[in-house]
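As recorded in TrEMBL:
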- His44, His92, Asp176, His180: Mn(2+) binding site (BINDING)
- 19-100: domain 'Manganese/iron superoxide dismutase N-terminal' (DOMAIN)
- 106-209: domain 'Manganese/iron superoxide dismutase C-terminal' (DOMAIN)
Amino acid sequence: MSFLNRNLSRTIKAAVRGKHTLPKLPYDYGALAPIISKDILEVHHGKHHQTYVNNLNAVEEQMTEAHSKKDVNKVVELSKNYAFNWGGHLNHSIYWQNLSPTKSEPSADLKKAIEEQFSSFEQFKKDLSALSVGVQGSGWGWLGYNKKSKKLQILAVGNQEPLQAVTGLVPLFAIDVWEHAYYLQYKNVRAKYVEAIWDIANWKDISDRYAEATCN
């Protein structure tokens, strides 16, 4: 079973139980140092991501109650909060898997696609880095796959908008540029964090996502 399908299966089971849970990291809190410090991971994963999970569970309970009472106004009122926390949970779940202390390289197919669309792998890194650094306020830089055009695409989204729901692109690689992702270590120098994160990119995971997106 693929990683994406495992995630979908867990999401469905969680929805049936009525509870979402914080995913366990595939590495220790200190494993990504010195690129991302142990302190940052403990706060980012254990506090921030946990808060999205807690809020998501709470708002789902409220929406269930509102649906049972046929309170359409309340459902609409809660929908924005639901989308924000669901996006935060989903985006971070992808982000953790996109990182690894183990060095890896893109698959031959993914590397070829990147080079064809961005002229070179280095140019792709520069373009996505610039896009991520340039996000105004909080948000994410993404590499995604457009199933309609059958091409890779980079773009930025604000806050916690879930990439596929908002743009239709299949998420492959995420760069979290909310301040809580880097401020304890990099202060206000977002560009330094974005430059460093390439050293811990989990290209096996990213390549697996690309392979699944292109075969469906």
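These residue numbers are counts, starting from 1, taken along the chain as shown.
Here the Cβ of each residue, glycine as well, is placed from N, Cα and C on the backbone.
In sequence order, His45, His48, His49, Tyr95, Trp178, Ala181 are the residues of the same chain, not among His44, His92, Asp176, His180, whose CB sits within 8 A of the CB centroid for the Mn(2+) site. Counting only same-chain residues at least 6 apart in sequence, those with a Cβ under 8 Å from the Cβ of His44 (Mn(2+) binding site) are His180, Ala181.
A 10 Å cutoff on Cβ-Cβ distances gives His92 (Mn(2+) binding site) a total of 25 other Cβ atoms nearby, all chains included. Residue environment of Asp176 (Mn(2+) binding site) contains 26 other Cβ atoms, counted within 10 Å of its Cβ in all protein chains. In terms of DSSP helix, strand and coil, the domain 'Manganese/iron superoxide dismutase N-terminal' (19-100) has 58 helix, 1 strand, 23 coil. Residue counts for the domain 'Manganese/iron superoxide dismutase C-terminal' (106-209) under DSSP, split into helix (H, G, I), strand (E, B) and coil, are 54 helix, 24 strand, 26 coil. Counting every protein chain shown, the Cβ of His180 (Mn(2+) binding site) has 14 other Cβ atoms within 10 Å.
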